[in-house]
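Data block below; observations after.
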Amino acid sequence: AVCVSLLGASSIRPLPLHLGQFNNMIKCTIPGSTPWWDFSDYGCYCGYGGSGTPVDQLDRCCQTHDNCYTEAQKFSGCSPYRRKYSYECSEGTLTCKSDNDECAAFVCNCDRLAAICFAGAPYNSNNVDIDLEARCQ
């Protein structure tokens with residue numbers, strides 16, 4: 001069983017630094033969660049890409065986050081998927097630090113608002129790994 005576990009773990013791609021930060025922001029607002037597993041294949045917008053009508057409130061959080069990243073890309077040289085930023089988590093409260101440049105501050109705020117949104121949205125396991133072609137038009 002240990003070998004299977006180790007082999008399974010070796011096939012998981014590591015998160016880029018910034019997405020690791022987003023992952024940790026979600027853990028701050030939802031203690032005990034496993035964001036990469038819980039949200040990476042949820043609804044029409046949580047995970048890579050996105051299209052159609054969000055299936056619920058949580059999926060709308062992801063759509064808003066996607067749109068925020070699109071806005072971040074309008075800053076010269078700003079790549080939200082790779083941008084490192086400074087933030088603080090204190091007792092479930094997220095704060096983007098003032099030493100971030102314009103791009104980092106924007107991306108940090110995208111992630112902060114999404115993490116807060118996730119924490120306030122119900123999680124419906126029926127919306128995990130859905131048929132994107134049928135439900136996301």
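Glycine is no exception: its Cβ is also placed from the backbone N, Cα and C atoms.
Per Swiss-Prot, the feature signal peptide maps to 1-17; the stated evidence is sequence analysis.
Within the same chain, the residues at least 6 positions away from C28 (disulfide bond) whose Cβ sits under 8 Å from its Cβ are C89, G92, T93, L94, A115, listed in sequence order. Taken from Swiss-Prot, the feature disulfide bond applies to C28-C89 (among others).
In the three-state DSSP assignment, the secondary structure recorded for C44 (disulfide bond) is coil. According to Swiss-Prot, the feature disulfide bond maps to C44-C136 (among others).
Non-local contacts of Y45 (Ca(2+) binding site) by the CB criterion (under 8 A, 6+ apart in sequence, same chain) comprise P54, D59, R60, C62, Q63, H65, D66. The Ca(2+) binding site annotation in Swiss-Prot covers Y45, G47, G49, D66 and is backed by similarity to another entry.
The feature disulfide bond is assigned by Swiss-Prot to C46-C62 (among others), with similarity to another entry given as support. DSSP assigns C62 (disulfide bond) to a helix in the three-state reduction.
What Swiss-Prot records for C61-C117 (among others) is disulfide bond, and it gives similarity to another entry as the kind of evidence.
Here Swiss-Prot flags H65 (among others) as active site.
The Cβ of C110 (disulfide bond) lies under 8 Å from the Cβ of H65, C68, Y69, E71, A72, P80, each of these being in the same chain and 6 or more residues away along the sequence. Residues or ranges marked as disulfide bond in Swiss-Prot: C68-C110 (among others).
Taken from Swiss-Prot, the feature disulfide bond applies to C78-C103 (among others), supported by similarity to another entry. Counting only residues at least six positions away in the same chain, the Cβ atoms of A72, F75, G77, C78, R83 sit under 8 Å from the Cβ of C103 (disulfide bond).
If you draw a 10 Å sphere around the CB of C96 (disulfide bond), it holds 20 other CB atoms from the protein chains shown. In the three-state DSSP scheme, C96 (disulfide bond) is classed as strand. Here Swiss-Prot flags C96-C108 (among others) as disulfide bond, drawing on similarity to another entry.
Long-range neighbours of D111 (active site) (same chain, six or more residues apart, CB within less than 8 Å of its CB): Q21, F22, M25, H65, Y85, Y87. In the three-state DSSP scheme, D111 (active site) falls into the helix class. Among the features that Swiss-Prot reports, active site is placed at D111 (among others).
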Cα nearest C96 (disulfide bond) among recorded positions (C44, C46, G49) -> C46
Here's one to test understanding: among the disulfide-bonded residues C61, C108, C117, C136, whose C-alpha is closest in space to the C-alpha of C46 (disulfide bond)? C61
